[in-house]
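Taking it in order: structure first as structure tokens, then the write-up.
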Amino acid sequence: MKLSVLSVLLVSVAQAAAAPWRPREPRAAGSKRLTFNETVISAALSPSSISVQWIATENDGDYVYQEEDGSIKIESIVTNRSQTIVPAEKIPADAYSYWISPDLSAVLWATNYTKQYRHSFFADYYIQDVETLETVPLVEDMVGDIQYAEWSPSGDSIAFVRGNNLWTWSDGTVTAITKDGGPDMFHGVPDWIYEEEILGDRFALWFSPDSELLAFLTFNETGVPTFTVQYFMDNQEIAPPYPRELDIRYPKVSETNPTVKLNILQLSDNTVSTIPIDVFDPSELIVGEVAWVTDTHTELAVKAFNRVQDESKVVIVETASGETKIAHERDGTDGWLDNLLSISYVGPLALGSGDASSAYYVDLSDHSGWTHLYLFSTSGGDPIPLTEGEWEVTSIVSIDQERELVYYLSTQHHSTERHLYSVSYRTFEITPLVDDTVEAYWSVSFSAKAGYYILTYAGPSVPYQELYSVNQTAPLRTLTSNAALIEKLEEYALPNISYFELEIPSGEKLNVMQRLPVGFSPDKKYPVLFTPYGGPGAQEVSKRWQSLDFNAYIASDPELEYVTWTVDNRGTGYRGREFRSLVAKQLGKLEAEDQVYAAKQAAKLDWVDSEHIAIWGWSYGGYLTGKVLETDSGAFSLGLLTAPVSDWRLYDSMYTERYMKTLSTNAEGYNTTAIRHTDGFKNVEGGFLIQHGTGDDNVHFQNAAALGDTLIGNGVTPEKMQVQWFTDSDHSIRYNGGNVFLYRQLAQRLYKEKNRAKKEQHQWSKRSQDWVV
């Protein structure tokens with residue numbers, strides 16, 4: 001018998017109200033309610049965790065960590081002893097981060113930190129001798145202008161980038177490797193778009209395992225259009241007469257992209273060879289991944305994509321000769337191909353059609369319809385599946401060459417969960433390392449030789465961390481228990497979170513996370529806030545520990561008491577390729593339909609105040625909120641749009657064209673996906689709020705400005721529309737207390753919406769849209 005949607009929701013609520021207590025879950029039997037300061041401003045109610053730098057020594061299981069007093073220590077799992085290598089009083093002033101050399105002889109410090117983009121920053125770098133504790137600058141004349149620095153695996157040299165040029169340091173000698181770096185030429189570091197959309201990091205250089213060679217990418221931005229971001233205050237208390245202007249080479253849809261080249265540096269004599277990756281036209285080529293597939297320096301794998309990222313080719317570079325060959329290729333024109341950055345070298349194996357000399361690597365692919373683990377030979381041939389099924393591998397976490405195992409996390413139990421497994425690439429046997437019959441969200445960090453690991457239970461209850469040996473099933477010890485947090489939370493009455501699946505008319509099932517207010521009673525009426533992100537491949541509904549954040553606050557404040565629903569619509573991640581690809585070439589359409597359908601189902605519940613259902617999203621979620629309002633469905637009474645895209649022509653090419661393809665091939669799609677229809681904005685009962693930072697280098701303020709102009713030009717009235725800019729704030733909206741103001745403003749609008757008793761209608765609202773005089 002098939003339950004109706006309403007029945008499923010009622011069952012879910014009943015289960016949430018009487019859910020069994022999980023170990024380590026606060027019983028929430030107290031009377032205190034979460035406050036704004038506790039959830040938005042303070043991190044006092046957040047779980048603690050430790051992160052370590054595993055190091056390769058004679059004994060596997062050594063790692064480096066930083067004590068609360070700032071001192072740097074090495075701890076050995078085998079001996080259970082720790083040693084201080086840099087005492088707190090010897091830490092350089094204004095230290096931001098550190099990296100110990102592989103030979104443990106020195107520490108590389110980054111100081112004088114200045115944020116650049118999402119991942120990148122500028123800093124000064126110092127080298128500290130572990131034995132003498134003396135510190136010397138990496139470069140004598142540095143002025144907080146070094147972009148990146150990294151130890152070689154041997155620990156006797158450093159590659160670094162300054163002024164967009166690649167340099168090396170060896171025993172105090174600094175050598176310039178490139179000299180033509182500048183505003184349009186980047187060596188060893190990505191430009192803005194490669195950092196944000198392709199590499200997801202601040203470096204584009206890779207030492208070979210034996211430190212003989214260094215592969216690095218060069219990005220040429222000649223011809224890439226410039227977008228200027230203005231900073232009106234520029235970190236000053238009083239505004240300068242003229243704003244500082246930052247010119248960013250930012251290719252938008254169908255504009256010129258940066259070109260990219262692969263180079264290999266011979267570290268012994270500082271000679272550089274450029275390796276042609278000519279599998280696509282240079283103007284179309286995107287290099288998505290570079291990985292050494294060798295224990296020495298013989299072979300390099302380069303994953304290349306075409307411009308719209310629906311074709312990929314893995315090129316193997318024979319470094320001795322410079323010759324290249326296409327080992328594997330993929331057609332993804334039914335949607336797109338994600339750059340998963342997962343190539344991991346395994347070693348020589350005698351498998352399939354290969355011989356004992358064939359080198360193999362593992363990688364993730366969804367060519368079966370679900371993302372799974374495969375063995376690939378550098379000689380080519382069909383990939384060998386290591387996992388299969390209607391679930392997905394989410395990440396490769398370690399390779400154990402000695403035991404011939406790949407460790408990975410997957411959604412085998414449920415798409416909202418993560419469990420840890422190993423698979424033998426010799427026998428193909430899969431072994432769970434955690435109880436995969438119990439709902440949980442795990443993450444893990446393995447030692448250098450994969451003999452030990454730190455296992456992090458990340459939810460749904462309060463997180464903790466334990467240390468394990470791969471040879472034992474019981475933990476060696478607990479690293480963080482968060483016992484104090486559990487005890488503290490016993491003082492509180494907390495919102496109740498539950499999960500369920502909502503079937504939509506097309507037959508797909510959507511994951512939903514529901515948060516019920518403190519003291520929930522089915523005899524009362526509650527307003528609802530939908531909190532989507534909804535972008536391609538993203539996931540918001542997961543069984544991680546749900547931070548006691550703004551959403552928890554609005555479910556706790558007695559003057560708000562909102563139910564929250566987070567719905568992962570079609571196009572989101574970890575549900576298979578078909579589910580993801582449904583949104584290709586039509587962003588915003590199906591996602592909005594799904595949110596509207598879910599809201600209409602929620603409105604049928606007896607305890608939902610159907611006249612007060614709001615929706616709030618940030619970035620893609622802000623865009624989705626706009627598309628939901630555009631439908632003019634009447635399902636939502638308030639829209640809150642934070643840092644939204646409003647027209648995909650205004651966003652960067654590499655993200656947008658991955659899903660929408662080019663403007664010339666999908667002009668109608670771009671017209672449809674832009675937020676241009678205004679009736680829904682005119683008719684939404686409680687109005688809407690648009691928030692955006694003027695210094696947003698990612699989703700430019702231009703998006704909010706253009707949307708605002710469209711709405712005003714089409715007669716949206718002032719009582720419906722509120723716009724808030726945040727001077728100089730980037731996409732995170734944190735500059736000068738902006739984040740606190742932002743959340744206070746959201747809370748104020750939600751309070752106003754909850755108490756809105758009737759339509760707000762000024763006299764001019766009764767006139768035609770030409771009311772402006």
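Keep in mind that glycine also has a Cβ here, set from the backbone N, Cα and C atoms.
Just so it is clear, the model here is predicted, and its values are computed rather than measured.
Per Swiss-Prot, active site, charge relay system is recorded for SER619, ASP696, HIS731. The N-linked glycosylation site annotation in Swiss-Prot covers ASN37, ASN80, ASN112, ASN220, ASN471, ASN496, ASN671 and rests on sequence analysis. The signal peptide annotation in Swiss-Prot covers 1-18.
Annotated features, which come from Swiss-Prot, shown on the structure.
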residue	record	contacts (Cβ under 8 Å, 6+ apart)
ASN37	N-linked glycosylation site	none
ASN80	N-linked glycosylation site	none
ASN112	N-linked glycosylation site	ASP94, TYR96, ALA123, ASP124, GLY144
ASN220	N-linked glycosylation site	ASP184, MET185, PRO258, THR259, VAL260, LYS261
ASN471	N-linked glycosylation site	GLY451
SER619	active site, charge relay system	TYR533, GLY535, THR642, ALA643, PRO644, VAL645, ASN698, VAL699, HIS731
ASN671	N-linked glycosylation site	none
ASP696	active site, charge relay system	VAL229, ALA643, SER729, ASP730, HIS731
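When secondary structure is read from DSSP and collapsed to three states, ASN496 (N-linked glycosylation site) falls in the strand class. In the three-state DSSP assignment, the secondary structure recorded for ASP696 (active site, charge relay system) is coil.
Around the Cβ of HIS731 (active site, charge relay system), a 10 Å sphere holds 20 further Cβ atoms from the protein chains shown. When secondary structure is read from DSSP and collapsed to three states, ASN220 (N-linked glycosylation site) falls in the strand class.
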